[in-house]
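Visitor: Residues annotated as signal peptide in Swiss-Prot: 1-19. Summarising the annotation, Swiss-Prot assigns N-linked glycosylation site to Asn110, Asn158, Asn371, Asn385 and lists sequence analysis as the type of evidence. Positions annotated as substrate binding site by Swiss-Prot, on the basis of similarity to another entry: Thr275, Gln305, Arg416, Trp418. Per Swiss-Prot, site 'Transition state stabilizer' is recorded for Gln327. Under the heading active site, proton donor, Swiss-Prot lists Asp328, citing sequence analysis as support. Feature annotation from Swiss-Prot assigns disulfide bond to Cys342-Cys362. If you look up Swiss-Prot, you'll see Asp349 marked as active site, nucleophile, on the strength of sequence analysis.
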Amino acid sequence: MALRILITVSLVLFSLSHTSFGYSPEEVKSWCGKTPNPQPCEYFLTQKTDVTSIKQDTDFYKISLQLALERATTAQSRTYTLGSKCRNEREKAAWEDCRELYELTVLKLNQTSNSSPGCTKVDKQTWLSTALTNLETCRASLEDLGVPEYVLPLLSNNVTKLISNTLSLNKVPYNEPSYKDGFPTWVKPGDRKLLQTTPRANIVVAQDGSGNVKTIQEAVAAASRAGGSRYVIYIKAGTYNENIEVKLKNIMFVGDGIGKTIITGSKSVGGGATTFKSATVAVVGDNFIARDITIRNTAGPNNHQAVALRSGSDLSVFYRCSFEGYQDTLYVHSQRQFYRECDIYGTVDFIFGNAAVVLQNCNIFARKPPNRTNTLTAQGRTDPNQSTGIIIHNCRVTAASDLKPVQSSVKTFLGRPWKQYSRTVYIKTFLDSLINPAGWMEWSGDFALNTLYYAEYMNTGPGSSTANRVKWRGYHVLTSPSQVSQFTVGNFIAGNSWLPATNVPFTSGL
């Protein structure tokens, strides 16, 4: 009997030590050794007292996600106290960006943690990739305005590393076969109809008073009182000098056509804004759709970064739209995006960001730059497990009217690596003679040349020859459909699961 009691007490004490005092050092080292950043994993896992059993990889993934969420929530709470410590307008502007971006990070981590049964690993990888991108954007805002990082000490490398660990544990193959043929399948049938017909508007914007409201922002505000279903804002022909923020889900902008319905702004880094806040139109709410609209930033070629559109909207679609600016025109910030039959004008890094984005049947126009060099893309992937990249499929790359007379004196490149794992692919795209024979340009010395992924597949036109392209380890000339299939609409942005509902035409494969 005494032996039985002793064994029982020993088992209870072992159980208490395991549940009340954290994981054993052996467990911690074994599991954290599977991540790219074991040190913060070991530290925070050791500190954890509300432990749950780790028996398999899925258990560890859940705990890794929980650690990232806990640290991100702590970092977010600190941002609220930092506003009063800002010493000038530049520091305040950077702080406001970081506050918003940490809120979005916590939102995405919660979305990943509390995802519905229908949520796929691709969805989770998208949201984790976005959470990581948000933290990087906070740092970029400090750099834009020359604010030293010690002024805003919320920038926790631990949060970044913990999210990176969770990304590596989710392990999504790029060609996961979970979609049907047709449009990217995240587009619902009702949304598809909206894009193929003239939809009935919930509200009409008209400068002459013939609509319900005179400004677009008024219409967006009205949508907040309408519930969460698809809300169509018809914007009549005219030039609207506004800076628009769309934070609600399921908003649709419908205009009267490119060059007819024009939204214009002029904020820029040169004028004191961050790149993030310079956008004429900024969209965060998921499932955003825009059709038949021009969006401009008129800050000019010498005011540095000046964004026309910034989209961080998951499952967003832009159809027959024009984006016009110079440096950093189209900010494909994060999440899954699709552009069809759009025009994009710019000079330096004018398609940039860290979304999983496909541009299909679009016209890309390089303008006359201030410094005799154009770069079409600057993709911002910071982690090898982020499911992000810029895919340019069946588009046309040509010189804009202001560049044509001086084209021979300007070097125009397909892109350059903004971040360590930058990924950009051109597929079956017409490249005119403006493209430099080297094709691609360095960002700074040999930075990222071995870790980037740049590729070309069956492009045409006088600028498409790969004979004199760069010889970087990360550059690839693809020669077979199997090599490029992971970058199609169907696979790269899971287009077959959401695009059909928008009624935007798209090509799922090559």
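Cβ atoms here come from the backbone N, Cα and C positions, even for glycine.
Structural setting of the listed features?
Guide: Around the Cβ of Asn110 (N-linked glycosylation site), a 10 Å sphere holds 16 further Cβ atoms from the protein chains shown.
Other Cβ atoms within 10 Å of the Cβ of Asn158 (N-linked glycosylation site) number 19 in total over all chains.
Following the DSSP three-state reduction, the secondary structure of Thr275 (substrate binding site) is coil. Counting only residues at least six positions away in the same chain, the Cβ atoms of Ala140, Ser141, Asp144, Val269, Gln305, Val307, Asp328, Tyr331 sit under 8 Å from the Cβ of Thr275 (substrate binding site).
Its Cβ taken as reference, Gln327 (site 'Transition state stabilizer') is surrounded by 30 other Cβ atoms within 10 Å in the chains shown. Secondary structure at Gln327 (site 'Transition state stabilizer'), as computed by DSSP, is coil.
Of all Cβ atoms in the protein chains displayed, 28 besides its own lie within 10 Å of the Cβ of Asp328 (active site, proton donor).
Long-range C-beta contacts of Cys342 (disulfide bond), restricted to its own chain and to partners at least six residues apart, with a cutoff below 8 Å, comprise Phe318, Tyr319, Arg320, Cys321, Ser322, Phe323, Leu359, Cys362, Asn363.
Every protein chain considered, the tally of other Cβ atoms within 10 Å of the Cβ of Asp349 (active site, nucleophile) stands at 24.
Taken residue by residue with DSSP, Asn371 (N-linked glycosylation site) is part of neither helix nor strand, so it is coil. Here Asn371 (N-linked glycosylation site) comes close to Val348: these same-chain residues lie at least six apart in sequence, with C-beta atoms under 8 angstroms from its C-beta.
Listed in sequence order, Gln125, Ser164, Leu167, Ser168, Asn170, Lys171 are the same-chain residues six or more apart from Asn385 (N-linked glycosylation site) with CB atoms under 8 A from its CB. According to DSSP, Asn385 (N-linked glycosylation site) sits in a coil region rather than a helix or strand.
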Visitor: Restricting to the recorded positions Asp349, Arg416, Trp418, which ones have a CA within 10 Å of the CA of Gln327 (site 'Transition state stabilizer')?
Guide: Asp349
Visitor: Do me a favour and check the Cα-Cα span between Asp349 (active site, nucleophile) and Asn110 (N-linked glycosylation site); whole Å is fine.
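Guide: Distance between the two Cα atoms comes out at 32 Å.
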Visitor: Whole number in angstrom, please: the longest C-alpha to C-alpha distance across Thr275, Gln305, Arg416, Trp418 for substrate.
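Guide: Comparing all Cα pairs, the maximum is 18 Å.
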Visitor: Mind giving me a neighbour count for Gln305 (substrate binding site)? Other Cβ atoms within 10 Å of its Cβ, every protein chain shown.
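Guide: There are 26 of them.
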Visitor: Can you check what DSSP calls Asn110 (N-linked glycosylation site), collapsed to helix, strand or coil?
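Guide: Going by the DSSP assignment, Asn110 (N-linked glycosylation site) falls within a helical segment, counted as helix.
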